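Here is what TrEMBL records for this protein:
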TRANSMEM  43-66  transmembrane segment
TRANSMEM  133-152  transmembrane segment
TRANSMEM  199-220  transmembrane segment
TRANSMEM  271-292  transmembrane segment
TRANSMEM  304-328  transmembrane segment
Amino acid sequence: MSRLGDKEENLKHFVKFIYPPMKLIGAWPKPTATSTFSKAIKWGLIVSAYFLQLLVFVPGVLYLFLKEKNGKKRIHIMIPHINGFSQLCKYTILLRRTNEFSKILDQLSDDWVDATEDSRHIFRMRANIGHRMVLTVAITMYTTGLFYRIIIPLSRGRIVLPNNTTMRVLPCPVYFVFFNEQSTPYYEIIFVLQIMGGFLNYTILCSTMGVCLMLCLHLSSLLRILMNKMIELTSQLDTSETAVQKKISDIVAYQTKVKGFANSVEEITPYLYFFEIFNYAIEACIVGYCIIVEWEESNAASIIVYLMFQGICIFCNYAMCYIGQLLINESENVRLMSITLNWYRFPMKKARSLILIIIMSNYPIKLTAGKIVDISLATFTDIIKASVGYLNVLRKVT
């Protein structure tokens, strides 16, 4: 197979679970065709995505502040709109960073092509971890969304209000100034569009989370390969000046490439991570409150759905922080390896060259959320603590 064919096959394997959702929302940076028709389809998908998101978000916010007066119900209504706002922001970031993401994919493909068989095994193993995580999130997210957006609203049927009027339940309560959303055919149209908008948000969530996880995992793979190169330098039998020079040059060049890839990733992921953490921290708090309220009202169906949402929030949060911690650990392993190199085995002039490797290794590679907090397991516990704290505040004020 040609180098170009290898490059395309490796890229397809790496992105096989993030390509379909990103293509569906028009956010995939590499067009399969450059015709005017394909560009029109992409822009049509983008316009449709914004339309569906705003159709749910704006009337929902109007209903929240202009129509609903009950505090507990307001908290329930906030869940889809907080998630919608977060996904809207992440979707915009993805579109604005299309060129950067395209360059990252090119670098990633080149890494696969230039790698040895052992290095490809590391890439493949880490990519499979990301694939399983993205697939788990997608299955649970769409299943929960099916219950929340379709089954529960339909199961409630028509509700008779105290003023003897009948109301049909929508997935998200809305307020339209110019027409009554309860009348036919407006109700049916809004119901379908809200379902589409909800599943669009789940698609954006899977896309952005997949991008963050896969890039972070690839970066950790590069660090593992860098550490293996240092181990080879330490354990090699040929300590002649030429052999040592070749190995050190290879390590320095590879370390520079890893730093460059990390800088490229930092142009995209911090902002996506920020809105992910914002979304999960707030939603975990509100969903926990909703579980308590539904438990008091003995509403079994709603309890199950909210428990599923809570599980998704915790799992997504943990998955991000776990991968971030994996990256931190790999960076620390590289640092420890660099300061334990058997420099005394090498010619004195070449041993001095190790100073540059040690200095570069002492600058840890890690990802941040909005360049504010590090993505690590310590951050995961902080998010859980914050969510529980906000939950206690909610219970006291309502």
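A Cβ is built for glycine as well, from the same backbone N, Cα and C atoms used for every other residue.
Only pairs six or more apart in sequence are counted, and the transmembrane segment (133-152) with the transmembrane segment (271-292) gives fewer than three Cβ pairs under 8 Å, not enough to call it a contact. Contact between the transmembrane segment (304-328) and the transmembrane segment (199-220) is present: at least three CB pairs lie under 8 Å, with pairs separated by 6 or more positions in sequence.
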